[in-house]
Amino acid sequence: MKRFWSRGTTGDASPQSPASTSSASPSTPSTPLFSPSVTSGPARPIRLVYCDERGKFQMDPEAVSVLQLVKEPIGVVSVCGRARQGKSYILNQVAFNLKFN
């Protein structure tokens, strides 16, 4: 699968969680989550929807513009719930099954 973005700044190659990219507030996108110039490599998640400071859901315009560049089929997975209830576990199970099936 092609990667159309990379996490963090230009020199930062370490993966980051979507919520950890903003130091001021985890709910507002202050720095780009990806760079559209990167076109190969493993797939990476992007944050399409975030919760703003008023508690309203907003779409990240940069994520929308990157997704509009994708010409191949994509999958969207959304999981929500309380802390420590298995959200990451179920997403890891889905990713594992997609990778090895």
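Positions of Cβ are set from backbone N, Cα and C atoms, glycine also.
Taken from TrEMBL as is:
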{"type": "COMPBIAS", "residues": "13-40", "note": "compositional bias 'Low complexity'"}
{"type": "DOMAIN", "residues": "71-101", "note": "domain 'GB1/RHD3-type G'"}
{"type": "REGION", "residues": "1-43", "note": "region 'Disordered'"}
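Shown for the domain 'GB1/RHD3-type G' (71-101): DSSP residue counts in helix, strand and coil, namely 14 helix, 0 strand, 17 coil. The predicted model assigns the domain 'GB1/RHD3-type G' (71-101) a mean pLDDT of 88.
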